[in-house]
Amino acid sequence: MPLPYDLYIFAFIIVAFASFIQSLAGIGLALVAAPILVIIDARFLPGPILTLGCCLSLLMSLRHRKSIQLGRTAIALYGRIPGSLLGIVLLSLIPQSLISLGFALLIILSVAISYHHIKVAPTNENLLIAGFFSGLMGTTTSIGGPPIALVYQNSREEIVRAQLGFYFLIGTSLSIIMLLISGNYSLKQIELTLPLIPATLVGFKLSEIFCNSMNSAQIKLYIAFISISSCLVIIYREILSF
């Protein structure tokens, strides 16, 4: 085992809880799990966390498959591909701390704008831009949910879960492939990830109890809270690294 059993049990509980949150709100796994998993072992970032998110996104896509809008997802993915590629390049050119801080501040500004009488709608242009920044952030920090989630924050809860689940399924798969090709996802990281994959199923199944009790207003609030919290986590993490 790459980790002691007690640490794996703790990590399993964290991933299950994070999966429970994301299954309800559409995002949240990376925010809740990443900061703790990285403390346990720095190798959890970014490939293993992306892999766990990919597994959970598959489950979410299957649950909400009737509400998936393929056209809108495709547009966001068109933006994510160049964003992910740029992320790979930036990782080799610019300190990750500067990239992370810049994205975090941008997302906080976006959340503030969305609550200042400006309704962000899932238009083709917004989806393309959000997909680009989601790919960029996801590849460099493993937290790529906020940009695309903000575009869907005013949609019905079923649409939010379906679109985010399917988008992250394809998007995280692309990021994982790029990390593997570029040599940024090692065999030891894969071994670190495999025992935690069942935790995503546990959290996903637990969410069924509460899935129908959340309305769109609550979803929007959760998305805003999780987005800002994720950015604060990034800022705190990078400040400590200086």
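These residue numbers are counts, starting from 1, taken along the chain as shown.
Using the three backbone atoms N, Cα and C, a Cβ is placed for every residue, glycine included.
Just so it is clear, the model here is predicted, and its values are computed rather than measured.
Here is what TrEMBL says about this protein:
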| type | residues | note |
| --- | --- | --- |
| TRANSMEM | 7-38 | transmembrane segment |
| TRANSMEM | 44-62 | transmembrane segment |
| TRANSMEM | 83-115 | transmembrane segment |
| TRANSMEM | 127-152 | transmembrane segment |
| TRANSMEM | 164-183 | transmembrane segment |
| TRANSMEM | 219-236 | transmembrane segment |
Checking 7-38, 44-62, 83-115, 127-152, 219-236 against the transmembrane segment (164-183) for Cβ pairs under 8 Å, the most are found for 44-62
By Cβ distance under 8 Å, which residues at least 6 away from the ends of the transmembrane segment (83-115) in the same chain are close to it?
-> 131-141, 146-147, 150, 153, 171, 174-175, 178-179, 182, 184, 224, 227-228, 230-232, 234-235, 237-238, 241-242
